[in-house]
Amino acid sequence: MQIFVKTLTGKTITLEVESSDTIDNVKSKIQDKEGIPPDQQRLIFAGKQLEDGRTLSDYNIQKESTLHLVLRLRGGMQIFVKTLTGKTITLEVESSDTIDNVKSKIQDKEGIPPDQQRLIFAGKQLEDGRTLSDYNIQKESTLHLVLRLRGGMQIFVKTLTGKTITLEVESSDTIDNVKSKIQDKEGIPPDQQRLIFAGKQLEDGRTLSDYNIQKESTLHLVLRLRGGF
C-alpha cells in the first residue's frame, strides 16, 4: 500500500509499504529516498511518536495515511528518574519528547505500565501530553517516579456557572493538588478557589479520602472574592 510522509518543510514523500512493516523499515525507506539517517528521524501519527519495533498495523496506519516526520536534535540528552525505592534510572530523551514518551521509555526499562506511573518534577505532577521543554526539564534533571494506586479515579467539579469539569485524581491527592488541576484546566488560581463537598468547605492540606470523596463524586467550586475573608 502507499502511505505519505510529510516533513516540517511541507514536502510530502510517498512510500510503498506493507502493514506488517516495522517503523524501522519505514525509516530505512525514508533514508533511501531522502538520505536522512533513521536515528535522526521521529515519526508521528495521530499525535503519537511511533516506536521502532512496532508495525504499521499496530498503530492502525492504513493506505494513504499521512505520517509526520520530525528531525531529532542531534544526540538528545540524558535525564534521571528516581523511584521510591531509591533506584535511579537513566533515560536518553529529547526536549521535545512528551511525558507519554518518557513513560514508555520507563516501561521499556522497568516494565511498569504508563498508566501506573506518576512523574514529579519541581513538586509538580507532569501531564502526559506536555513536553519536557514545557516543564523546563533540561539535561541531567532528576524526575521522581511515584506509582499510582491502581488506575486512580474521576471526580467532577461543578462551577457556579453550571459548567462541569472532569478531573483525574487519586484518593491520596490533597485538596491543594485538586486546586492545581483545576488551575491547569481553567486558569483559576488556587487561592481564589473554595471547594465544597457535602456542604463542607474542604481544607488544603487534607486528602480526598479524608473527606470520603470517591469516584464520580461531585465537588462544588465557589470563587473567593479577592481580598475577602
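One is the number of the first residue shown, and numbering goes on along the chain from there.
Note that Cβ sites are derived from N, Cα and C of the backbone, with glycine treated the same way.
Features reported for this protein in Swiss-Prot:
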type     : residues : note
DOMAIN   : 1-76     : domain 'Ubiquitin-like 1'
CROSSLNK : K6       : ubiquitin cross-link
CROSSLNK : K11      : ubiquitin cross-link
CROSSLNK : K27      : ubiquitin cross-link
CROSSLNK : K29      : ubiquitin cross-link
CROSSLNK : K33      : ubiquitin cross-link
CROSSLNK : K48      : ubiquitin cross-link
CROSSLNK : K63      : ubiquitin cross-link
DOMAIN   : 77-152   : domain 'Ubiquitin-like 2'
DOMAIN   : 153-228  : domain 'Ubiquitin-like 3'
- Pull the DSSP breakdown for the domain 'Ubiquitin-like 2' (77-152) and write it out as helix, strand, coil residue counts. 18 helix, 28 strand, 30 coil
- Query: Cβ distance under 8 Å to K6 (ubiquitin cross-link), same chain, sequence separation 6 or more: which residues?
  - Reply: T12, I13, T66, L67, H68, L69
- Item | Same chain, 6+ residues apart, C-beta under 8 Å of the C-beta of K63 (ubiquitin cross-link), given in sequence order | M1, Q2, I3
- Provide the three-state DSSP residue tally for the domain 'Ubiquitin-like 3' (153-228): helix first, then strand, then coil. 18 helix, 28 strand, 30 coil
- Rounded to the nearest Å - Cα separation of K48 (ubiquitin cross-link) and K29 (ubiquitin cross-link): 20
- Select one residue from K29, K48: among these recorded sites, choose the one with the most other Cβ atoms within 10 Å of its Cβ. K29
- In sequence order, which same-chain residues at least six apart have a C-beta under 8 angstroms from K33 (ubiquitin cross-link)? I13, L15
- Note on the structure: Listed in sequence order, the residues of the same chain lying six or more positions from K27 (ubiquitin cross-link) whose CB sits under 8 Å from its CB are P38, Q41, L43, D52
- Query: Once the DSSP letters are reduced so that anything not helix or strand counts as coil, what is K63 (ubiquitin cross-link)?
  - Reply: coil
- Task: Please work out the mean pLDDT for the residues of the domain 'Ubiquitin-like 3' (153-228).
- Result: 88
- Task: Kindly assign K27 (ubiquitin cross-link) to one of the three DSSP-derived states: helix, strand or coil.
- Result: helix
- Cβ density check for K11 (ubiquitin cross-link), other Cβ within 10 Å (all protein chains) comes to 10
- Using Cα coordinates, what distance in whole Å links K29 (ubiquitin cross-link) and K11 (ubiquitin cross-link)? 16
- Task: Please work out the helix, strand and coil residue numbers for the domain 'Ubiquitin-like 1' (1-76) from the DSSP assignment.
- Result: 18 helix, 26 strand, 32 coil
